[in-house]
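What follows is a set of notes on a single structure, which appears directly below.
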Amino acid sequence: MWKLRKYMMKYWYLFVLAILFIFGQVATELALPDAMSNIVSNGIQSGGFVNGVAEVLSKESYDALLDVSSSKDQKLIKTSYTLTNKKDLSEDVKDRFKNIKEDVYVLKEDVDQDELSDSLSKRIIVVNMLTHANMNSEQFKSFKEMAEKQIAYLTAKGEKEQSSLMKKALKEGNALFFVKQMPSSKQKEIYSAIETQIENMGETNLNIAAGSAVKNEYKKLGGDTDQVQNSYIKNAGVRMLMVALTGAVASIVSALFASLLASKIARDLRVALFKKVESFSQEEMNQFSTASLITRSTNDITQIQSVITMFVRMICYAPVLGIGALLRAIEGSASMTWVIAIVIVIIFVILVVTFMIAMPKFKIIQSLIDRLNLRMRENLSGVLVIRAFGNEKEAERRFDESNKNLMKINLFVNRMMSSLMPIMMFLMNAVSVVIIYVGAKQIDLGNIAIGDMMAFLQYSIMVIMGFLMIAVIAIIVPRASISASRIAEVLDTDCQIKEASEVKDFNKEEKGVISFDHVSFSYPGADAPVLNDISFVAHPGKTTAFIGSTGSGKSTLINLIPRFYDATSGQVKVNGVDVRDTSLYKLRESIGMVPQKGLLFSGTIRSNLTFGTNEATDDELKEYLRIAQADEFVNKFEDGLDHPISQGGQNVSGGQKQRLSIARALAKDPDILIFDDSFSALDFKTDAALRKELKTLCDKKQTTVLIVGQRIASIMHADQIIVLDEGRIVGKGTHEQLLSTCQIYQEIAQSQLTKEELTHA
């Protein structure tokens, strides 16, 4: 992937935007478990009371708080509350507390509640435990026995009022009443013992207990505690919903930017790959098969696009989510983090084993896709040959073999990848069970609250999912790296045909002149040269033809003119300039070439004719069609020039395809026309008519014409005929001259023409 970094760095801003929204998404997701924990702990368990600070205190509770507090805390309590007459209470307080029958202490508005809660929470719990004691419990059994003895004693003495107060306190579980009857030293001892018990509760349980104590105080004063609880849960739920919605929006926007980034990179890669392949000479085209180039420009780039989308979304999301959730889990309940540690180790081992087995298969898959595309392309392009030889079974067998090989590897890899999800689901469920079991023990010991355990469970799942996503990245990125390497291999290929560092302009005085000066050429890796010491000159307004046996080098020779190959030695000049010293664009712009195999592009007849130029008018196009002897069948189409052409020109005959290809070359209005055996699919009558019109046009425009032919009839009227044999020129001249001077030409002519035709040629 690093090899393609320049295509990625171009859109760095999209990457940054995606990352920013991903951080927002992670922040909201990490906040949700804590929000749920607050609803459970504060909203349900504490009834909506989040600390030990009461807004209103009865005189009895206020005095009790002072009794159980140190002198420092007493001072803080006294400065935080003010005694308020019942008549002077605000309407809001009166509405919320219906049972206020005497003066109460009201919390001042400017009080720091966090500081007050630190001092007040333990004290109000002590008061709550003593004023709402279960007198039948083991803890308060001694209080009950003492109270019963004291009540019996007072009753016997006839002190009915004091006896009634004790009976009422015993019935209501007000142990504080009895504590106050004890000596000061005994009171301090009891308060100290209860505080020690409270300190062992843990911070979470302490807050819950403090909230419950405030709730009991509100109930005593007639406060609607259900409304407080409902209001807290409602507000917390709305906040939680807003956080979730914010996270959803951040997720959607980050996915949008990631997809946009991947799409733009994929588009640029396709453009770069297409331009690179366009610049390839035949040598580079032979290095990469067509099927492989198609796979690289489609399948491989699609693979990279998908991985970039996933990579951008996960590269920050997964680590931040995993680490953030782990820190939150440790902060919430460090005593259970060993569960997460064990699961992470198990996941790591599973993924390492999977990675080691699956990774080598990914490279094989890409090669097998190349092979399958090759088979498919061969079968589709050669379907007529396959049918003609009745060899459908063999073609089917070869395709089926490639298809099955790809299927086997894909099945193996997909089974391995598919097995990961059930394993991970099992691990997550197992972790949930273990956390609930261990958490229940911790809750029983008072170390954590139920909400904390629920939050810890969610954070644990986030940690597992975070590490799982990191593992997925570790698996898919190397696979994409293979695709990236295959694309980089094409992009980094050094083209043999390069633009000259200092481009020379054409010599206007030698416009249309083509000269070969002792040119030799060898294909890369070939043992012997294809062309040897070729020298000739083709002049404007003249026709130069090439003939020879199959493999004599005719097509190779003309391919040196537009620089499809470069000569191994010697010079090829066009318009007075060596083709290696001029602009490739200008060189090829001056040439109109009709290859051996006529190729039409999908579109219309008009779009094919104007492929090399957009300046030709309809009248000009029709004239070129007439010269190419294509006007007759084109005029038969109802839509004429707008008649559709299918891919490769499959909806026209071979002869029609050749004539349209010739018309396309003429429409370019070039200085040089090259016909590489381009009349082979024409009948003799059409061939003769076309050559006649072509000669008239070339004489008029002084166009240089080069013709490669197999038929003497197609070239015999050329101004210069060059005979090739095994890459060498064995004859040069006119038809008449060669009949008397070149034995090979004589043999070719005698094999194709009768003596009468030779005589009257």
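For all residues, glycine too, the Cβ spot is worked out from N, Cα and C.
Annotation comment: TrEMBL describes 240-479 as domain 'ABC transmembrane type-1'.
The feature domain 'ABC transporter' is assigned by TrEMBL to 514-751.
Here TrEMBL flags 240-262 (among others) as transmembrane segment. Same-chain neighbours of the transmembrane segment (240-262): 11, 14-15, 17-19, 21-22, 24-25, 28-29, 31-32, 35-36, 39, 304-306, 308-309, 312-313, counting only residues six or more beyond its ends whose CB sits under 8 Å from a CB of the stretch.
Residues or ranges marked as transmembrane segment by TrEMBL: 311-330 (among others). Under 8 Å from some Cβ of the transmembrane segment (311-330) lie the Cβ atoms of residues 15, 18-19, 22-23, 25-26, 29-30, 33-34, 254-255, 257-258, 261-262, 336-337, 340, 455-456, 459-460, 462-463, 465-467, 469-470, 472-473, 476-477, 480, all in the same chain and six or more residues away from its ends.
Remote same-chain residues near the transmembrane segment (336-358) are listed as 326, 329-330, 413, 416-417, 420, 423-424, 427, 431, 434-435, 438-439, 442, 456, 460, 463-464, 467-468, 471, 474-475 (criterion: CB distance under 8 Å, separation of at least six residues from the stretch ends). Positions annotated as transmembrane segment by TrEMBL: 336-358 (among others).
Among the features that TrEMBL reports, transmembrane segment is placed at 420-440 (among others). For the transmembrane segment (420-440), same-chain residues at least 6 beyond its ends with a Cβ under 8 Å from one of its own Cβ atoms are 333, 336, 339-340, 343, 346-347, 350-351, 354, 448, 453, 456-457, 460-461, 464, 468.
The transmembrane segment annotation in TrEMBL covers 456-477 (among others). Taking Cβ pairs closer than 8 Å, the transmembrane segment (456-477) reaches residues 1, 29-30, 32-33, 36, 307, 310-311, 314-315, 317-319, 321-326, 328-329, 332-333, 336, 339-340, 343-344, 347-348, 351, 354-355, 358-359, 417, 420, 424, 427-428, 431-432, 435-436, 439, 448 in its own chain, all 6 or more past its ends.
Averaged over the domain 'ABC transporter' (514-751), the predicted model has a pLDDT of 88.
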